[in-house]
Amino acid sequence: MVLDLDLFRVDKGGDPALIRETQEKRFKDPGLVDQLVKADSEWRRCRFRADNLNKLKNLCSKTIGEKMKKKEAVGDDESVPENVLNFDDLTADALAALKVSQIKKVRLLIDEAIQKCDGERVKLEAERFENLREIGNLLHPSVPISNDEDADNKVERIWGDCTVRKKYSHVDLVVMVDGFEGEKGAVVAGSRGYFLKGPLVFLEQALIQYALRTLGSRGYTPIYTPFFMRKEVMQEVAQLSQFDEELYKVIGKGSEKSDDNSYDEKYLIATSEQPIAALHRDEWLRPEDLPIKYAGLSTCFRQEVGSHGRDTRGIFRVHQFEKIEQFVYSSPHDNKSWEMFDEMIATAEEFYQSLGIPYHIVNIVSGSLNHAASKKLDLEAWFPGSGAFRELVSCSNCTDYQARRLRIRYGQTKKMMDKVEFVHMLNATMCATTRTICAILENYQAEKGIAVPEKLREFMPPGLQELIPFVKPAPIDQEPSKKQKKQHEGSKKKAKEVPLENQLQSMEVTEA
């Protein structure tokens, strides 16, 4: 996931000032651009010097061959003249004036210079890449410039009544329909662990089937992805911070051979976007085959580091969940990827409109975008029980930022002489099932249960096609009685703790 290096090179038509400005708008370090330009300039000088040294080495070999052919004297172990040791000014005439033994010494010295130059070049290349991968994509002009997501995300449009309030939040409703086991889930799997059960399993499967059918009717190919990826591939699709804050690492045997003691490092996927992005790694995609549209289905795993204390109850923010994802490879020409961007968010909107879930679309501020996204729109559903908007969908155009690192190229240049182009890559959530279930529960709660959205009824089993009944009391309604019981038990305990002499004094007063 990187920008084109030529964008940093003025002599190649690049504009480092523009990238510096982009970094400032993202509220990231613009100094990375200057560090990269410096490392790249030194790298290019080093490569130029290495190329010249290799030419000199070839010239030495050619000159030796010519002298041997003429049967010139090889010469004794004579020293090399000082003027010849300046390789920047070394000419064919200067070499021709030397003995064969001297030229061989020069060639050895050139070899040493090449090795030194190659070492410097590798070091500079690593330094350049470290800066390059931490510099974000160029921003679309419509992105709001701010570092305050809560205050400055721009609301683009609203659908449905986002003022309605209802009694219960999803935290209570998952318990009331007996579709969730959180305490035992936490014992088995740790923090945010859960068992989804009963009617909510059927509701989740209904959402998956409906989402896949919807995308299938729009030309998307359903694809069920691997749940883990090799480290070297994950490094090409995830930014550095994700390895610490989001991804789970898995260690396993390097192969199926019983005598193989090597170990392989892999990472659980946070979204099917990651393996689908790598699906066409190292390929040339033909213009006539684009756009390529995938409906990714997978379980997703996220550490959620940094969300401590947020949404700790219920199933809205969990470490493991199912998700259907839109993913598209697009042409980089004629604004095609931005047309596809509009189409993808529209598809998500139609899906939630068909489910009758009110929402608004927000344009995410520059400071909250990940490195790859040039622009991101979120669909935030209205949760009438919580009295808040909550994110259900994120739609991003990453332009060629991901494709460049994955080497997914556009077309094929004539005789491979033209500048290589890369496809544009886009992703958008269609349905993260646990979050969508929460939205349905809050919006469709009624006196006796949860009304099933009409579009999902054909996917539900008999007895649950119209209503998911409440079978347990709401935890929030039980909290006052629990609190009173606790206070009563506390009073009894305090009474027992009263010293004996105080009790006797009390009895004497009563008798008097």
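Backbone N, Cα and C define each Cβ position, glycine as well.
Take the L-serine site that Swiss-Prot assigns to Arg302, Glu325, Asn427: the candidate from Thr221, Thr271, Thr347, Thr399 listed for it is Thr271.
Residue annotated by Swiss-Prot as phosphoserine (from the set Ser330, Ser337, Ser506): Ser506. Check Swiss-Prot against the ranges 9-61, 62-114 and you find region 'Interaction with tRNA' recorded for 9-61.
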